[in-house]
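**Student:** Handing you a structure now.
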Amino acid sequence: MSLATTKTSKIDRLAELTAKKETSSGASLWREAFRRLRGSKMAIIGAVVIAAFVVVAIVGPWLAPYSPTAQTWRGEVLANQGEFVGARGENWFGLDHLGRDMFSRMLVGARQTLLVGVVSMLIGLVLGALVGAVSGAAATLGGRAGQRLDDVVMRVTDIMLALPSLLLAVSIAAVLGQSLTTVMIAVGVVQIPIFARLLRGSMLAQGGKDYVLAARSLGIRKRRIVLTQIMPNSLSPVIVQATLSLATAIIEAAALSYLGLGNPDPAIPEWGVMLSQAQRFFDNAPMMSMYPAVAIIITALGFTLLGEAMREALDPKLRG
Amino acid sequence: MSLLELDGVKVHFPVKKGILFDRTVGHVYAVDGISLSVEAGQTYGLVGESGCGKTTLGRAVLRLVDVTDGRVVLDGTDVAQLPEKEMRSFRRRLQMVFQDPLGSLNPRQNIESILSEGMAAHGIGGNREERREKIKEILAKVGLPGNALSRYPHEFSGGQRQRIGIARALVLEPDLIICDEPVSALDVSIQAQVVNLLEELQKSMGLTYLVIAHDLAVVRHISDVIGVMYLGSLVEEAPSDALYEEPRHPYTRALMSAVPVPDPEVEDRRERILLLGDLPSPANPPAGCRFHTRCPWKQDTRCATERPELRDLGGGHRVACHFAAEIASGEITRTSGEVVPAAHEGSGGSGGSEASGAPRASGASGGGAAKGSSSGERASEAPAGT
C-alpha cells in the first residue's frame, strides 16, 4: 500500500487545502436563512404589510382625526330607515350606524385586532410548544415510561384536534363568559394541539438523527441534548406555523366577535366586532363591512406571505 | 485480556401493535447471541449484508440501544449493566464514528461547539481557552486548519465532515472507537484518505477500532481480525488474511466470490456463487442454522434442526458450520445454488432461462456486501462486451 506511506506530510497538506478554500468566517443557519429571506419578494411584501399594520396599531389613536367612540354625526345616520353616509371629504370611510367616523375607528381598531392576534397566537405557541416539547422529549429520550407519557399526551391532543376549532372556541367562550380575554383564550387554546403536534413530530424526526446519537455517545446529559441539540433544530416549522396562525387567529377572533362572543363593549373598536355589526346593515351600506373585512384579509395575507417565505428560507433542502 | 469482550450479546426489539396502547406481538432478533473479543490496539472488522444486525451490534456496545441479554465487557467493566449515571461518564472511553458525516453533525452548531461539548460534559480542559487549544491540536491531527473552528458543518465537504466526526470521537481520548460504515458515504478517492487517516491515528494514538462495513476491500485493508455476520449472529471469524485466502463458511465463500480480483487472468477464471432467495426476516429467523435456507451446501441432517456454534478450526479461524471441515476437504459438494463464471455476470440470458433471472438478481444482492467496488460497473459493461 503506497498510500499508507508519508502520511504526516499528507495530513498537513490536507489542512492546507482546507485552509485555502477558507473565505467566510462561518455563517450560521439562522443568519443564512435571514439572508435568503431578504432576497425573497414574498417575504418583503409580507413584511411591509405587517410593518404597516404594526405602525398603525401603535400610532393609530394619534393619527385618528376624530374620536372613535363619539357619535358626532348621529343625526345624519338613520339606520332603521336605511339612511347611511358613505365616504366623503370630512369622513374618508364614511360613518357607521351610530354616526361615528369609520376611518378613525379603523385606525384605532388595528391595535385591538393585533392584540387579539398576537396574544392568542402566543397562548397557543407557548402552551402548545410546552406540551409538544415534553411529549417529544419523553418520546425520544425518555425510554419506555417516556413513550407511555407521550402516548397519553398525544391522545389528549388528538381529542382536541378532533373537535372543530370554531366549535371548541365557542364552547370555551360560552363557559368563560363574554369578553375580549375570553376570545383570546378561546382562539389560543384551539391552537395548542396544532403547535404541540408540530413540535413533537419535528422533535421525533430530529431525535432519530445521527447527531443526537453522537451527542448521547459523547455522554451529554439528556436534558442538555434536548435543549441544545434537538430543540434548535425542531423550531423552524413551529416559527413558520406561528406566523401562519397569527393570520388564522385574527380571522377566528373576528368570527367569534361576529357571533357576539367578543368584547361586550361595542364602543371600543375592533375589526372583527366592526365587521359583525356592519353585517346587519349590509344591504344598505355594504362599504361599512368592506373596510374591516378587507383590512383583516390584507393583514392575514401579510402574515401568510411572510410565513411561507420563512418556510422556504428555513428549509435545509433548498439551501444553496 | 482483550479490551472489549462480547459474551452472548442479544438485542431483541419488540414489535408493537395496538389501537390505544401498544402490545408486544413479537420480536425482531436483530442481534442474537454474539460473542467476540477485540484486542487492544487492533482493528476488528465486522461485515455482513444490510439488515444483518451489524449496526445494532455497534450501538449495543455503546449502549445506544438496550442489550436484551449477554455481557459487553470493556476493560473489565460490563457496559450493559452499568447504572445510567456511571454509564454517562464511562462513555468517554467508547466513541463512535458515523456513516453519514453530515447527519452526524448538528447543523446549528459550529465546529468548536461540536468538539467542545463532549469535553465540557466530562470536565476535560478547565476553561474555554484550554479546550480551544486541545481542539486545535486534534484538528491538526485529522488534517483540518485551526480556522475551521468558527465554521458550520454545511460549509465543509464530505471528507472534511467525516474528519470532523473523527475529531469529535478523538477529543475524549477513548480506548475504543466504533466506526459504523466510516467511508461508505464518501467518494472512492476520499475513502482512501479517511481509511489512511484512521490507520495513522491508530498507530500514533494506540487506538482500538471496531469497524462495521459492507465493503470487503475496505475491511480487509484496515482490519486485523474480521467477523462475518449473518442474520444477527457471527458465522465466521478469522484473521483478516486467513479469511480472504480461505473462507470456510458457505456464506463467506459466497461473499468472497463476489469480490473482483485485480489480476485479469485470475478474474477470468473467477467463479461467482449465487445464493438463492432473500435474507429471511429477523423477526422470524429460520430454525437450526440461520443460513440453511440459502446454503448451497445444505445437508439433510442437522442443518435445519441444530444451530451451529462457532468452532475453532485452528489458527483463530472460528466457523459456525456443522460441515465446515467436510466442505473444505471436498467430502461434501454443493446440493443447490448456481455457480457462474464471474465474467458473464450480469450479461442477461447467458447463464440460463428467464426463470432463473429472479433468483440470480437476489443472489447478487446476497453478495451485495461487496457492492460498490466494481460489480456494478461490471454489470453495466458486460452487455457491451458480449
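Keep in mind that glycine also has a Cβ here, set from the backbone N, Cα and C atoms.
Heads up, TrEMBL stuff is auto-annotated, nobody curated it.
In case it's useful when we look at the structure, here is the feature table from TrEMBL:
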- A:43-64: transmembrane segment (TRANSMEM)
- A:110-307: domain 'ABC transmembrane type-1' (DOMAIN)
- A:114-140: transmembrane segment (TRANSMEM)
- A:152-174: transmembrane segment (TRANSMEM)
- A:180-199: transmembrane segment (TRANSMEM)
- A:238-261: transmembrane segment (TRANSMEM)
- A:290-310: transmembrane segment (TRANSMEM)
**Student:** Sort out for me which stretch, of A:43-64, A:114-140, A:290-310, has the most Cβ pairs below 8 angstroms to the transmembrane segment (A:238-261).
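**Tutor:** By the under-8 Å Cβ criterion, the transmembrane segment (A:238-261) pairs most with A:290-310.
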**Student:** Between the transmembrane segment (A:43-64) and the transmembrane segment (A:290-310), are there three or more C-beta pairs closer than 8 Å, counting only pairs 6 or more apart along the chain?
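**Tutor:** Answer yes: the transmembrane segment (A:43-64) meets the transmembrane segment (A:290-310) with 3 or more Cβ pairs below 8 Å.
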**Student:** Residue list, the transmembrane segment (A:290-310) vs rest of chain: Cβ under 8 Å, 6 or more residues beyond ends.
**Tutor:** 33, 37, 40, 42-43, 45-50, 53, 93, 102, 106, 109-110, 113, 117, 236, 239-244, 246-248, 250-251, 254, 271-272, 274-275, 278
